[in-house]
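> Here it is, the structure in full.
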Amino acid sequence: MPAAWFFFGLTLAAVSVTGGGHFWGGCGLLALILLRVISLKSRRVLCTVLIGGGLFGGWLWLQQQQLDRWRLAMGAKQTQALEIRVQPDAMVVRGTSYYFVGRDQTHHDWVTVHGQLRTPHEQTTLQNVDRAMLWRVTGEISGILPATNFNQFDAARYWSHRRIVRSVKVTAVNSRSPSGATIWQYWSDWWHHWRSQLIHYCERLPGALSVYALGLFPGNKSVAFADEMQGMQQLGLLHLFAISGLHVVLLLTVLEWLAVRLHLPREWWEWGLFVCLPGYLILAGGGSGVLRACLMHGSQLLGKRCGYRLDRLTGWSIALVVGLIVNPGLLFELGGQLSYGLSLGLILWARESLVWRQLGLTLLSLPGILTAFFQWHVLTLLANWLVVPLFPSVILPLTVVGTVCFSWFPRVSVACSWLLGSFDQGLRMVGRLPGNILFGKPVWWIAWLWVVLTWQLFSRPVRARRLWLIGLFVIYSGMYGWNHWPVTGEVAYFDVGQGDSILWREPFNRRVSLIDTGGRLAFPQPTWATRAPVRYGAERTSINYLHSRGIHRIDDLYLTHHDADHIGDLPAFIKQMQIKRLLVPAGMEQEPSWQRGLHLSGIRVQPIKVGVALPVVVRHPYESAPAENANSLALQTQAGGLNFLFMGDLDRPGEQKMMAADSQLRTDVLKLGHHGSKTASAPAFIQQLRPRLAIISAGRDNRYGHPNPETLTTLAQAHLPALSTQTSGMIRYVYRGNWGQWQTKLGGRP
């Protein structure tokens, strides 16, 4: 019985991986499972695995066909009137916008919905909704945009795993009214109502207590979660939230204690707990850790009432099976990987010493953490050894006491918040100590190999494990070297929306140069809008990519001019990257507006113009002037057998100056000036340069209409092929020596 459930769960996991994007990895895992099952010589287990895996695979295929019918092509949009049912705890209000996930009553599928708040009354109304509502709206329906830069978080895949493939941008709200409900919906709505009340209550808690309470009880991450948990992330301790179905265990223990003290019949309260667990799953947000804990305890309770004693491994296996049916993409998420992987490690390594168990959990979590965050701290093992015991004995009780006492004894809550905040501050201080390793993103099959070898390590006698540890260290070191000293170089045009950001990285990372940072214009917010922490787009795009390649140093950061769409994300680079020098067009160094806080970083600012000796050739400007479009930097370089010219936002008069200064000016790859505006890229300029490829960096549906049809006509008349970040996403030229290859994130070739 335990073996059948265990291998059945692993088979479903392999089938899910195969159909979810890692075909060859899933097939390899499936082959290993089948070989192991065959070696058991049990027909029952083999039949369970084959039949169950086949049925699950067929069900996934049918689900995918349904999603494909709903899915819209990239760029396709439809304007429709819709009725959307939304739960009160799904509503998120940030600044002047709102967002939620609701159910389309016409197509009976789930959709993401976002819109703009117009009045403070509307903001207050949405923040105080406490019941399921039926929204009748007119909206623009589109597909969910996938990751447009390499190694970027893929929202389309994330939502697809939750069977959501459409997004609605609300253009008009026709009405909002309480929604009717069936018996099942009424039961579900009741729990969602209380979850929304719990979220509102936790949001009123002071400081760090609010962050912990929101994360542990309703499973809601506040806007301050990332900042508050920075130390935990750096030290690899976020798995405490992933496997922390601890509060489920605590709740069940307290309820059992009360039932025994009240002399209630065991049969009554055990059945009561089993019936209430699905409701508590809703109340706690249905996260991976809570889902696994509820399923494990629910299966064991049901087994006990039905006369079957299920061990922890069987409970884990049943939880995996049901979890994959509820969310087939469970194992593609870091929370699911950590929750199920580490809980399995705790079960199988229960007899190991504390040191070996903590080492095993660290090694087991490391592939997922490196794949998601690209970095690891050498103090992680020590931090796990010290902090993990504190979590159930100190952190969780402090959070419970502070949350419960807030209404009657607020000073107790303030004290608990101070203690939790001090704990976080201590973790941040430890995280800042030397030892944080920017590893880079591992190749997917290498990450899988690490996981397999970790399990194999603990199947060996303690005395034989040293050699396996050395082997793991060698493979980790090899992957580190592959990331940090790649044999190829690249020229990459990031998709940063309506802006510019370009990377030039030489082979072995001998020199890393960046042209512009990207950014966006900041529009004033009304006084009634809730304030949110500043977030820079570069953290999700260019900085994320640099970290994924193991790059923490930028030798030369060129700022072409002072517009926000070119330098707006500079503060993020100053905070997260080591920058040796900033190079700006002559005259820009005298402008104080963009240099706030720059003097504290100690970064040298160097003004440049034509004639200055640099690793790149400066083609513009010729004299010192205000750093506007007319004085934008134009830079030229050679890489991989091609000549690249980067025009910034330089307009046609600047192009005329360049042609007059050098009548023999040529290039192979031209990054069009000013995002393809008609104020740049004059036909005479294109004719003289004779480029073989044009690159356009512009945002989708931008308000300026870039690239301009006149510019596209100029390119067509010159028979010049073009790639645009609007349709191709990130564009990069990866080279070695004088040979290279063009790659685009969303498809398309020169």
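Note: Cβ is positioned from N, Cα and C throughout, glycine not excepted.
Predicted, not measured: the structure shown is a model, and the values here were computed from it.
From TrEMBL, here are the annotated features:
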type: TRANSMEM; residues: 43-62; note: transmembrane segment
type: TRANSMEM; residues: 237-259; note: transmembrane segment
type: TRANSMEM; residues: 271-295; note: transmembrane segment
type: TRANSMEM; residues: 316-335; note: transmembrane segment
type: TRANSMEM; residues: 355-374; note: transmembrane segment
type: TRANSMEM; residues: 386-409; note: transmembrane segment
type: TRANSMEM; residues: 437-455; note: transmembrane segment
type: TRANSMEM; residues: 467-485; note: transmembrane segment
type: DOMAIN; residues: 498-700; note: domain 'Metallo-beta-lactamase'
> For the transmembrane segment (271-295) against the transmembrane segment (43-62), do we get 3 or more Cβ-Cβ pairs below 8 Å once near-sequence pairs (under 6 apart) are dropped?
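Per Cβ check, the transmembrane segment (271-295) does not touch the transmembrane segment (43-62).
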> Among 43-62, 386-409, 437-455, 467-485, which stretch has the highest count of C-beta pairs below 8 Å with the transmembrane segment (355-374)?
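Stretch with the highest Cβ contact count: 437-455.
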> Mind checking which residues of the chain, 6+ beyond the ends of the transmembrane segment (437-455), have their Cβ under 8 Å from one of its Cβ atoms?
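For the transmembrane segment (437-455), the list is 22, 25, 28-29, 151, 341, 360, 363-364, 366-368, 370-371, 374-378, 468, 471-472, 475-476, 479-480, 482-484, 547-552.
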> Let me spell it out: take the transmembrane segment (43-62), skip the flanking residues so only those 6+ beyond its ends count, and list any with a Cβ under 8 Å from a Cβ in it.
3-4, 7-8, 11-12, 14-16, 18-19, 30, 33-34, 37, 324-325, 328
